[in-house]
Amino acid sequence: MATDTYVGSVDQGTTGTRFMVFDHGGNVVASAYEKHEQIYPEPGWVEHDAMEVWENTKSVMNTALDKGGLDPEQLEAIGVTNQRETTLLWDAETGAPIANAIVWQDRRTTDRIETLEDEGKADMVQQKTGLEPDAYFSATKAEWLLDNTDPIKLQRARPQDVRERAEAGDLMFGTMDTWVIYNLTGNHITDVSNASRTMLFNIHDMDWDQELLDEFNVPAETLPEVRPSSDDETYGSTDAGGFLGAEVPVAGALGDQQAALFGQTCFDSGDAKNTYGTGSFMLMNTGNEAVMSDHGLLTTVGFQRSGEPVQYALEGAIFITGAAIEWLEDMTLIDDAMESESVARSVDSTDGVYLVPAFTGLGAPHWDQRARGTIVGMTRGTRPAHVVRATLEAIAYQTKDVAEAMVEDADIDLADLRVDGGAVKNNFLCQLQADIVDTNIVRPVVDETTALGSAYAAGLAVGYWETVDELRKNWQVDREFEPNEDADYSKEFERWHDAVDRSMGWAQDDDE
Ligand code: ADP
């Protein structure tokens, strides 16, 4: 009979679902991953089949335990982390989704947001939710599902009664954390960080907001109970007679970026992390204060432990960072992402070249849907290596733009910046980032910070870890990049902004 115990984390992401098992030291002891189908019914629409996601969740949990030679009884708790904002409605009685989930990337409700703006309601929404109104968040997706779901697909449905059934409490609304928690425990629950991304939740009152529910026509009867991200009461337990074959408490949940903040042990005001994946998400803990941004950042719930006040965060979303490296590969300027490092090092500078990777517009802090990718400053002597280096510099400049906005909004100095994600394997990028932001860039040993964060939330709740200090001790530096004293990118940073100006407003209609 094995005696070691662990904490598991379900990481329900955009492209797939992972289950990871962590030990006391925060080390990964078992892991399994499965992709799910991306469904594109129309241009700009993105959907997931929630039943497929749940089947995959069960499968990765069992596979990881099998591969690790672990008994489910050895799990002391399970945490959940998830792609944020993706929205689903299901039948409260049968548990069957009434339609595919609408994924965060889906743009079908853009017009609805424009109407909201035309009606002068954007400020009201932003004041209450901390969010810049956008189709990205759950509210307009839920409204769309309630207005457009084919009632024929509803179990035992009579035509036209989707809204009626929602108002009667026969339908449940949820983001993917809620879906996973519901299927694991039978309870209809979300955590505060995920609630804060719905655009239906008042982050000051920390409750669903009736004015927003009325605006977006979402009946309160459909909403999950909102709980702390790390909850001593637990959200419920798996069923000993169920797929896992053990009764394990589900005790923590965090949206993916908030989970990374937690996994990077950014527990105090001023602590910040940046995740460099396809795009980048920088979050800074602002303590118990919800700092409203004057610079195009989102104000969001960072996390909450039961019995403690909420910790808020400022968030800057950069659409394209690692994806710009993928573009270099597509253009055959490099063979693979790793090669971007040696190619960039092969030249001393970009030779005056600036690349703005605004392939899908610009996010924080510039926010321009019509910006497009731009390369400026080329001469007859420009070589592929200059463009490759300019791309890495662009990733670092974009992060500096967000970091400066955060420091100004929060009036907090950035002590150091903890980094994770696929692109931080690139040492050149990390050093460049330190030089350009003029702060220490710290890369931890465990780079699975998202799954780790939700495991921490769940493990703290059940006492697997007693204090956050234990978690801080687990957090080990792989490498720290200090700003090089001789490095001075101030002139280049000014020129970067000239390049950004030239990229803006390029697309003439939304289809370009
Ligand atoms: P996501 O979670 O968004 O899918 P990952 O965290 O897995 O992303 O990171 C993948 C991204 O990292 C890709 O866009 C890839 O181009 C980029 N990447 C991977 N290795 C490197 C590298 N050595 N240098 C720069 N970018 C890299």
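In case you wondered, yes, glycine gets a Cβ from its N, Cα and C as well.
TrEMBL does not curate its annotations; it predicts them automatically.
Among the candidates Tyr136, Tyr182, Tyr312, the one that TrEMBL lists alongside Thr14, Arg84, Glu85, Asp256 as binding sn-glycerol 3-phosphate is Tyr136. Spacing of Tyr136 (sn-glycerol 3-phosphate binding site) relative to Gln257 (glycerol binding site) is 15 Å (Cα to Cα, whole number). Look at the Cβ of each of the binding-site residues Arg18, Arg84 and count the other Cβ atoms within 10 Å; the largest number goes with Arg84. Each residue contributes its Cα atom, and for Asp256 (sn-glycerol 3-phosphate binding site) and Thr14 (ADP binding site) these two points are 10 Å apart. Sparsest Cβ environment among the binding-site residues Thr14, Thr15, Thr278 (other Cβ atoms counted within 10 Å): Thr15. Sorted by the number of other CB atoms within 10 A, the binding-site residues Gln257, Asn426 start with Asn426, the lowest. Its Cβ taken as reference, Tyr136 (sn-glycerol 3-phosphate binding site) is surrounded by 22 other Cβ atoms within 10 Å in the chains shown. Contact annotation for binding-site residues (Thr14, Arg84, Glu85, Tyr136, Asp256, Gln257) versus ligand 1: none, no CB falling under 6 Å from a ligand atom. Considering only the binding-site residues Gly322, Gly422, the Cβ with the fewest other Cβ atoms within 10 Å is that of Gly422.
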